[in-house]
Amino acid sequence: MHLCSLVSLVSLLYVNPEEKKLRFPQDNVHVCDYFLASCWRDQFFDAPTVQKIRQAARSLASNVVLPCRFSIMSDSPSSPTDTPTPAPGHGLSPDEQVRIKWVKVENWEKPEESRETVVVVSHHGMVKVGPRFMDRVSVSSRPLSVGDASLTIMRVRASDAGLYRCEVAYGIEDTQDTIHLTADLSLGVVFHYRANSSRYSLDFNTASEACRSVHASMATPDQLTAAFEDGFDQCDAGWLADKTVRYPITVPRPGCAGDMLHRPGVRSYGIRDPAEKYDVYCFVDKLNGEVFYPPSISGKLTWQEAKEECEQHDAVLASPGHLFAAWRAGLNRCDYGWLSDGSVRYPITVPMPQCGGGMLGVRTLYKYKNQTGYPNPMDKHGAFCFKGNN
């Protein structure tokens, strides 16, 4: 008997909702049918077979399933069987003898720098979970019975995006082949937003409109918690979609204790009167287009000049929502640029001391030292433009 195992590389990126995509769980069966048909035909792969699939778009703080299906195959492709010869397992059931290992491949774009992070290993009835995925991942307890070693990730974080590999082994069989699964996932990003006028100037309705005006929506408590678990730290109380007011603190410090004293966590004021005024936490799910810094800019521009520069490229000034989504997708530019709301910001994905002190994120240029007010529209900066897919 031979184990036809599936080693799947899963990339969690972004999906255009207008494009055809798979849905869970029905469409995943089709993916597995393709793999098993290939395995059946060739018995062993001489070279990796590539099969690209699209996974239904998911969002920050939701659950997602990364498919990994396999089958036990006989020596002869003409005589299949679903009843494998039991492997020696010292009293363990056949399901417990299956070894499932999921790893996340870091820096996969640069093979010389790539490394593996263990997500979960299941073997001999025991499950070992990597620290970054503790209490958030699971695999089937009956993988051999159902031919399924798929990975479920719960409360997805933005840092979960990347490339994953699934390895399945049974008994002494270690024949493995590779199929590349390109599964698209829109994770989105939570960001703090403040009005141009001053700190804490938005009631609930105005806060909701502020997020919509920058091509985002109000974040939910689950989304803010997922961002906090990824390191989001902001000592500013802001509205959320459920009419609560909260803020995330990863490094407790004076003035930011809230209801949690010296412990890290998301501070909460509870449900508030909609007329009260705070900042707001917005959420942008995906970027249906491209954000770019026009290469034609040789000097600095006023806000109006920046707007006209984007129009020359058949584009518009990007909004903060556009820029945060582009940053999450990897945009890196150490140049302040005008945005549509009159704010001036730049995105950093590669740490550099001269760009935000080596910290990653979208940096904002405020008019005043207390981090309020936008620059004068006649000040001169660069520009970030947005061109939609349509």
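Glycine is treated like the rest: Cβ placed from N, Cα and C.
Caution: TrEMBL annotation is automatic and unverified by curators.
Summarising the annotation, TrEMBL assigns disulfide bond to Cys235-Cys256 (among others).
Positions annotated as disulfide bond by TrEMBL: Cys334-Cys355 (among others). Taking the Cβ of Cys355 (disulfide bond) as centre and 10 Å as the limit, one finds 18 other Cβ atoms among all the protein chains shown.
The domain 'Ig-like' feature in TrEMBL is assigned to 48-182. Averaged across the domain 'Ig-like' (48-182), pLDDT for the predicted model comes to 72.
Taken from TrEMBL, the feature domain 'Link' applies to 189-284 (among others).
Helix, strand and coil residue tallies for the domain 'Link' (290-387), in that order: 19 helix, 26 strand, 53 coil [DSSP]. Annotated domain 'Link' per TrEMBL: 290-387 (among others), in sequence order.
Comparing Cys334 (disulfide bond) with Cys256 (disulfide bond), their Cα atoms are 29 Å apart once rounded. Around the Cβ of Cys235 (disulfide bond), a 10 Å sphere holds 17 further Cβ atoms from the protein chains shown. Around Cys256 (disulfide bond), the same-chain residues at least 6 positions away in sequence with a Cβ under 8 Å from its Cβ are Cys235, Tyr247, Ile249, Arg267.
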